[in-house]
Amino acid sequence: METRSRKRAEATSAAPSSSSSSPPPPPSASGPTTRSKRARLSSSSSSSLAPTPPSSSTTTRSRSSRSAAAAAPMDTSTDSSGFRRGGRGNRGNNNDNSDKGKEKEHDVRIRERERERDRAREQLNMDAAAAAARSADEDDDNDSEDGNGGFMHPNMSSASSALQGLLRKLGAGLDDLLPSSGIGSASSSHLNGRMKKILSGLRAEGEEGKQVEALTQLCEMLSIGTEDSLSTFSVDSFVPVLVGLLNHESNPDIMLLAARALTHLCDVLPSSCAAVVHYGAVSCLVARLLTIEYMDLAEQSLQALKKISQEHPTACLRAGALMAVLSYLDFFSTGVQRVALSTAANMCKKLPSDASDYVMEAVPLLTNLLQYHDSKVLEYASICLTRIAEAFAPYPEKLDELCNHGLVTQAASLISTSNSGGGQASLSVSTYTGLIRLLSTCASGSPLGFRTLLLLGISSILKDILLGSGVSANASVSPALSRPADQIYEIVNLANELLPPLPEGVISLPTSTNALVKGSCQKKSSPSTSGKQEDILKISPREKLLGDQPELLQQFGLDLLPVLVQIYGSSVNGTIRHKCLSVIGKLMYFSSSEMIQSLIGDTNISSFLAGVLAWKDPQVLVPALQVAEILMEKLPETFSKVFVREGVVHAVDQLVLVGKPSHASPTDKDNDCVPGSARSRRYRRRSSNANSDGNQSEEPKNPASLTIGANHNSLDTPTASFMLRETVSSCAKAFKDKYFPSDGGDVDVGVTDDLLHLKNLCTKLTAGIDDHKVKGKGKSKASGPFLGDFSASKEEYLIGVISEILGEISKGDGVSTFEFIGSGVVAALLNYFSCGYFSKEKISELNLPKLRQEGLRRFKAFLEVALPFDGNEGKVPPMTVLIQKLQNALSSLERFPVVLSHPSRSLSGSARLSSGLSALAHPLKLRLCRASGEKTLRDYSSNIVLIDPLASLAAVEEFLWPRVQRSESALKPAAPIGNTEPGTLPSGAGVSSPSSSTPASTTRRHSSRSRSAINIGDTSKKDPVHEKGTSSSKGKGKGVMKPAQADKGPQTRSNAQKRAVLDKDTQMKPASGDSSSEDEELEISPVDIDDALVIEEDDISDDEDDDNEDVLDDSLPMCTPDKVHDVKLADSVDDDGLATSGRQMNPASGGTSGAAAARASDSIDTGIGNSYGSRGALSFAAAAMAGLGAASGRGIRGSRDLHGRTLNRSSDEPSKLIFTAAGKQLSRHLTIYQAVQRQLMLDEDDDDRFGGSDLVSSDGSRFNDIYTIMYQRPDSQVNRLSVGGASSTTPSKSTKSATTNSSVESQSHRASLLDSILQGELPCDLEKSNSTYNVLALLRVLEGLNQLCPRLRAQTLSDRFAEGKITSLDDLSTTAAKVPLDEFVNSKLTPKLARQIQDALALCSGSLPSWCYQLTRACPFLFPFQTRRQYFYSTAFGLSRALNRLQQQQGADGSGSTNEREMRIGRLQRQKVRVSRNRILDSAAKVMEMYSSQKAVLEVEYFGEVGTGLGPTLEFYTLLSHDLQKASLGMWRSSSGDKVSMQIGRDEIEDGKPSAANRDIVLAPLGLFPRPWPSTADISEGGQFHKVIEYFRLLGRVMAKALQDGRLLDVPLSTAFYKLILGQELDLHDIVLFDAELGKTLQELRVVVARKHYLEGVGGDNSSTISDLCLRGCRIEDLSLEFTLPGYPEYILRSGDEIVDITNLEEYISLVVDATVKRGVTRQIEAFRSGFNQVFDITSLQIFTPSELDYLLCGRRELWEVETLAEHIKFDHGYNAKSPAIINLLEIMGELTADQQRAFCQFVTGAPRLPPGGLAVLNPKLTIVRKHSSTSSAAANGAGASETADDDLPSVMTCANYLKLPPYSTKEIMYKKLLYAINEGQGSFDLS
């Protein structure tokens, strides 16, 4: 309905001339002589047939208005398009709010008619003569004038229509003075005649045949009509007749057709619903439903009621329609049941005060439907009940009646996680949230509901829900799978409603501004006395229940208190935090002392309060103090000590100082969201829109910023801020004086004995380190490296102190977070690990080797203490405790901001994404001004360009250059009409005056060009850009204009296009006149459009429906979805693709191709962390979003215009123009949106920006602003690196960065861990002054030690063997315990990052805060894999894929956006190729050579097969993976001829042909690793090694493309290979990862060498002992080792025939290691990396570990569990979860072996593995449907369905992950048929 209405409205607004411009004759027309009279009657809403309902006059008048508006010329005034838009919006309003909407619509139409009258009067003056002449000559053959009228035709018809509209407004039939245009009048008269004929047929009583025929014709006319074509339809004539026929009970056909006609009428003319209701149709339809004599009539009546209920729900309700639609629900099909429930939901939308009379009897029916099997019916039923409950919320007795029907029990069961595997298996997010809201309503308003919920154990249900939401206990749960913020809010709100309200004044909860101020400590009595007074006065039923059954309250607290504290700490939503505090406050107030004592055993409430008080959020400071006061009242002895230890007292001390002016600023700086008092004028101006934490709609008046509350008039002033500080300070002082009075200025009231002891230990450690460092320096000057006795003893002393520190931290009650932070432990340990150099002078290269040795010794010593060898199983290692303390400290100290664009703040979930995407659908208005002093270019500032926000500045340059260059050829586009060339206008010349051009020519020009767009900066796509001149100044000076807020209505891109030439450039500078915006709009004169800009389009609306367009992607002309590129190979065996590839690239150097170099230039060097300067907000965008050239698809890489010409030059071609804004140079790779946002951010100070100040204003009007960018020619003065930090890298640097930076910089990423520890630095540009810097640095050290633990442990054992403490080599293989990776995940930062990267506008503008990039780069372990993966997908592949990923994420939650324009924003371009199945490898080489560097998604088909889409594509990657593992390629190491199958994911199916082809597969039990090739290998083209290099380059491209497109590979790469990919260096210890035998032998040989060195160093004559050293009883010489690489005799390590002995054993080991993991594989790895970098930057993978990278690339390997299978599989089309066939299938799937599971996945999805996350994240979802028998004769022979099905095989649709399963009779037959289909169905795609 809504879509159809919208399209009709668009069709109306786009019509060049109106077919409905004639006045609407009423249906009672009898002849032409009465036309004037009928017009008068129509305008006064009178009818000769029947009384007209009151709303009909509005309807008729609006129809007339619409006719006039449609006739008005679309391109001559803003008002016409604005009027159409308003009409459309009003209709949407009517659907939601009939009465109120109609009043608003009436007012709007009155104003529009006044504007129209003025407009028509102007046109009357201009064209009266021409219009009169035209009207005299006009006749019914007007069609012929179309070709002869030229430009004059549309203008004359427009003028005529406008005159008619004016005369019609004047009334008295004067509109007949001008006849309508021929087409309109002819069609109207024909239509009128037909309507009269139909009406007479309907009235032919007694002639049922005529009536049936007339009804049939009427239904046909209404079904194909539009609102405009039926504008003359007389509702008041037809509806009474139709209602009468609806009661024609003797003829069911007549009743059915009458009901159908009414349905069509309400659909096509929504305004007619009022008349339908007025004439009593609703009661007739209800009667037809209740009798249910004819099923088709009942269904049609339902459809009609659904349409009517959308406009008039109350009328339907009063007519008894609610019970009517629900009474006989079981008789209808599922589809009709959904219609019935949808109708019921409409009727419950706005219930009147007496609704209970109509609703209550339906409640039992609706409650029973909550158990219904259909999810849509269930959803509508829950909506009905939620709306009923909300309507009855003020009436407890009515709510009790609701709850009496079992509503609460049913709803609680539905939301329970135990009910349906996570609670949302069958419920959408909105339904689930609605049910929780329903329970909240019942709990708050109904004593019975409250009691029922508590007795049901609702607290444990809520606990399970929240623990599964990823915000609490398990921080590793994917944010993508966590619940939306609004749902979490509702859950916490339900918990809040389950506790009685607090007595007034006890706790000032943050619900309103006044509560904070009035609830001061001085006015409040103590909780105990206050409670007693309340008890005496009145005890509510809730309090009585909790008093009678205190165990209910205790269980509530035990269940929810720990979860609420965790949610408060991890949520980035202010409203949720405030609600959590409300629940905690109530819980503390109503709990007894004994209860609180039991609660604090599981929850550290003191630490929580300390954190809240330190957070400095004014909305919660007073309530937190009051909660602390309650605790001190109830348990003074306990909390008087704990508050000191946990830092509550310290935080209160700081708050006392807040009231003093000198201490005001720290309060504002520390907040996580919005700094509060130090506000710039700009922020205060916009603070009414500021809402930093995404507050929910439930409390929209309460922004979670430091400008508290909703009353912006009062609290947004310095006075209010001062009052607030005074209130907080006085409360804190009162609390401190009452409970912690200070004695004579003693400042150490918060210092405990534990803290003093810890401080002393840290002082000893630091002193010892410094002393050691000084002595070491002196010693080293004399004797170089020192290993003297004093050093060893000093190390022992230091490690002893560290052991004491760890013991103090790990002891029983432990050290509080406050004490830990204040003790100096972090700095002392960092100083120890960095050998005294932390945060001190730089370490010279000369001293580095010595310090490395010392650092390694300290690491080993520390691990022995922190992670002991013989750690007790039950005891937590000290290192784990230390990490936990550090995590608590980090959560307490961090203040990293979540900077949200405005649409993302007030919304959540799909609404948040939808708002961001809809904002991006608006074009931005750009004024391009010549820079002052620039004389060589023309000025273009008199034009306004409408441009796609995601177009790049490079595209703007291509568009602008021919229009501003001074060459003669460029200055001669088509001659402008009636105006001068914009570039030659005098500085002060304006074009807004009507006299600046002749009206006729200007109007004519616009009529011909109104729907035109230009293509700018995109490839094979159209970006709507309009250009116009205005009267405003040229915008010189400030880079970004801040205009006044103009038109604030909703605006789609098509609307913007239609009104582009009509918009006014408003600026903050006052205009020359004081006219209102409406007056200014009316005075605008149309301006010229440059002919060179225009590309003719038939209709702008076509742009919206063009599926081949993609707004974001840089698809090349070849990437058209309709074409499939057949990749054909030469017949010769020579690898065509590889040869081509080799000729274009230097295979040995790792250099990139031209495309890769361009990509490297496109991606702004990620090695430069501060490329945007120290401000940082955009530095992340530069680094992670690759400059957004690649991101938006409009960078310099490969963009072409419509004709395929390259728009963007290669990186070594200089720019023709440079752009600046606010004096700062802008990179060509920035998008327009980025450039605009960058200026908005630079215009504010850091506090405003990081405070989450608005990036886009709440009403979207920021897109109506006009932004100014200056342009000038590059010259020697300005063509420098970016002044403003836009990171405009030079071409030479960019080209180099493709090879040097991507490999060298990343090589040092992990290899420099030790050096970065010694230097005491994080590998990012986080300021060292940041309070979290040291904590992050120490966490990084500990995480590195945890990863290196096995290696360091092995070195320790090696040292012991060398010293003779260990004699057996078998003892070297001891496994080392490690700290679980989950311990390193921070539960507070994880949801922050997850929330930040869900902000579509922040991603597009590159305005993610710098900490996102800094922390993911330096400390990726802080975030779980799922969050890092989402961050990776959001930043590595560009904007289109990031937005597409967000949409998929929302769609997976069942709440994805369905708006077509928004979907186009994130739609990906696809490139289809067809390849030969028999030559996969060669085809892949060619395909990747052509398409890997493009952004289009690759889809593969096969010659001679019908399969297309996802399945064949996945199989292509799988087959290619297998081909790349062939031993004949010479790429991989192979284990010696044993037949061991690979353990890591590659067990082949023994199914005939595949197994034969797989005999050549490399055997690599531990994963694939490159085969070493000597440096002397022939690199020339055609040689074997050259091919190997090209295969690795191909592998790099394939792997990157698979990651980019979300495909899975089946390549079992070894962990060591992944480490090389990630830029980590390998050494001897890594060889065991891919060759266990060789690695173990080399390690044992290394231990022998260590023993030799030890014997040489102890002194004495040990030569004989050394020569006798043995390896497992065998002398080295007897091993017969030669200087060749083991397994590769052709690889010569050293020339000569020397045998390896004990003297040269060390050299031999070094050479073998070098050949195996370094020099022998370097060129292969470089080729791989260069191929990878052609697709996207390989350094973006460094946030993953090797095992995670394998998981990301190759998917999941876990075995299925039967219990979880049903939750992640969809059953449809004949099956449900209880079907016997489904039960059998799930059992079979659970019993499959690992090999059979791989085969099953390959069969169903096309890939042998599932994506990361398994079946749960498979997209599309695995769906099982019933397959009907292929034999039709079976039924005729009497065979049963199951017997027939037993002969069939299952089949699949891999594109949709569909398994078509016949209903087999037994499980055994199903198992047999399934395996047969799996084994025989491989290798082709045919129709099933």
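Cβ from N, Cα, C; glycine included.
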Which range, 174-197, 774-797, 1134-1157, does Swiss-Prot list as region 'Disordered'?
1134-1157
Using a 10 Å radius around its CB, how many other CB atoms surround Cys1855 (active site, glycyl thioester intermediate)?
19
Going along the chain, which residues at least six beyond the ends of the repeat 'ARM 3' (312-349) come within the CB cut-off of under 8 Å?
96, 98, 273-274, 277, 282-283, 285-286, 289-290, 292, 295, 298-299, 302-303, 305-306, 355, 358-359, 361-362, 365-366, 369, 374, 376-377, 380-381, 383-384, 387-388, 391
When pLDDT is averaged across the region 'K-box' (1377-1451), the result is 86
Counts of helix, strand and coil residues, the repeat 'ARM 3' (312-349), according to DSSP
30 helix, 0 strand, 8 coil
According to DSSP, how is the repeat 'ARM 4' (351-390) divided among helix, strand and coil residues?
30 helix, 0 strand, 10 coil
